[in-house]
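Comments concern the structure below.
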């Protein structure tokens, strides 16, 4: 205990020195603020916009990603811009001529690997027979297109629709893909298609380009709406102090610094990381409010600006730093996630909270010190001379007169809960346990197309293409051997593919180098290796290279239509496990390895990480918070108090998500960490003020009432401002952000509710029990001392 008091005295002495330094050096602080802000503006220009990519969902150091990236993507992976062409008859000569003109122009564009279309097939076939690469007459076109060809079947489902595919390297950046997307649209206009032809540019690059543009366009209005709503909240709840809107520019300054740090550290701006900024605004504004609330209280009491600053820094810095540490631990737990964009979200929140705290401590306090000094200079001298001597009585009197409706309401609620503590705790525990169970039943949505605005034109076009061509979901089997063109290997690939199609209803078709070779040999697989090599070499290079890399690696592409979308996460996972069992029961020849890969398989891993990983992250965060609080306070009760209400809120939120039919996304998977951060902050600030008042008053009930009235209004102001800030996310056109905003608003409401209900009951009852135990131990030692002399 003596060591703890010594540490507290040292901390107080350090806080006092910091307070004096701040009040003595406002010019240095303002100059440093300008310098940091200018640097932040510079580095913010380097922020990279990034859509939801596989790399953002799966860690590059994982074994799954190594197979996916190094073996599948690098050897077979391509991105494709699809042009959907619709007309009464897409095989008319005039349509095919325009199509061929467009195709040849796009082949000349940089970074285009190949272009596949029915016009290319017709022209190339005509060249083989006549020596001229051109579009023939209608009769010859019909003859060529009547051939039973896998490529034709894939891109020409009927005579009213066809698809032209432009293959690009998967290594292209989003900006490079965007340039090719714009080039495609421009060349379509120059190709002079007939007037009744409908042209639609779609595919993943087109969709990602539109998503990135929509993200950049929607972020500004959301931040402006958040600022407006926060102004309304502060005017309602924080109007008892002067400069009640000052916390807003202070927290936005910290957010601006965070943008700079984002560019400096190369943290990408994604659909998930964009939601970190409302989090920072919501939590960071509490730091500014706590400093301003206390400096206003101290100036009212003492009338001396410098003393008000010193006392504010002395009493507020420690609890706010503790709250910051605990909040940071909640976000540090996100760094254990296997999903890169969640780690980026946690890192961004961690950096941003520190910068928002520094903005509140140095910039906010400095501005208030200057403002209070100017206010004092304009007051009559006689008022100044008498303020300090009568400060205590007049400060308390005016405080009682100015007691807000929120303070009276919160004091009444806490008193009611303390009187009926058994009912409050029983009800909270029952709802929490029910919610924790319900949370296990909440589904997970990892299809990024469900996160974006559903009325986004490229997304509508994408769904239209999927409906027309039967869906684009696929599962890839990566086959490796010394020579995959060996007749035995090709025979196994074909027989296993036939078996899968026949035994699994979800598998609609398949394509592999074996099936292409079989088709090229009139429906039978050759048994002679030389013939096989000759047939493979004769295949179109742009088609052959999709399924074969050299002679040691090949791909079996299983077409599952819209199975991944329709079955959902659990059904897709079951299908993949069944395919794994099929491989075990029908093994390839000796020396041949087969591994499942592709986007669908990678997404399944993400789902597992989200469903299981979020619970582990939350539990890890709770454990870290308890350990750190125990290390800081060296007091079991103080370490437990902030943790217990968070468990209640986590349970309640699970129940709400289940009842409301919400789904977990990569962003709401961070909910546990957010609850740890926000919930612990409110609890710690309330606990610190309670023990400060308890040291003065000595009676727990009165200390709790005083603490509730003293800090309750500021917590409500902070909570409502945070709620209003997050409410702006509900206006986001992105469902993932909209859903996160709604869930977070409810989480903060619950965190505030437990602070003035469950938490006040816990702190009061546990402190009473502390006194009973302490008195009992003291009585035992006293009795022992009385008995001991008689024995001697």
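Cβ from N, Cα, C; glycine included.
Transmembrane segment is the annotation TrEMBL gives to one range among 577-597, 640-660, and that range is 640-660. Between the stretches 182-200, 201-219, 220-238, 277-295, TrEMBL puts its transmembrane segment entry on 220-238. Feature transmembrane segment, per TrEMBL, maps to range 245-265 of the set 140-160, 161-181, 245-265. Within the same chain, the transmembrane segment (706-730) stays apart from the transmembrane segment (320-339): fewer than three Cβ pairs sit under 8 Å, each pair at least 6 residues apart. Scored by C-beta pairs under 8 angstroms, the transmembrane segment (617-633) has its highest count with 320-339, from the stretches 27-44, 220-238, 320-339, 640-660, 742-764.
Remote same-chain residues near the transmembrane segment (27-44) are listed as 253, 256-257, 259-264, 362-363, 366 (criterion: CB distance under 8 Å, separation of at least six residues from the stretch ends). The average pLDDT for the domain 'SSD' (655-765) in the predicted structure is 83.
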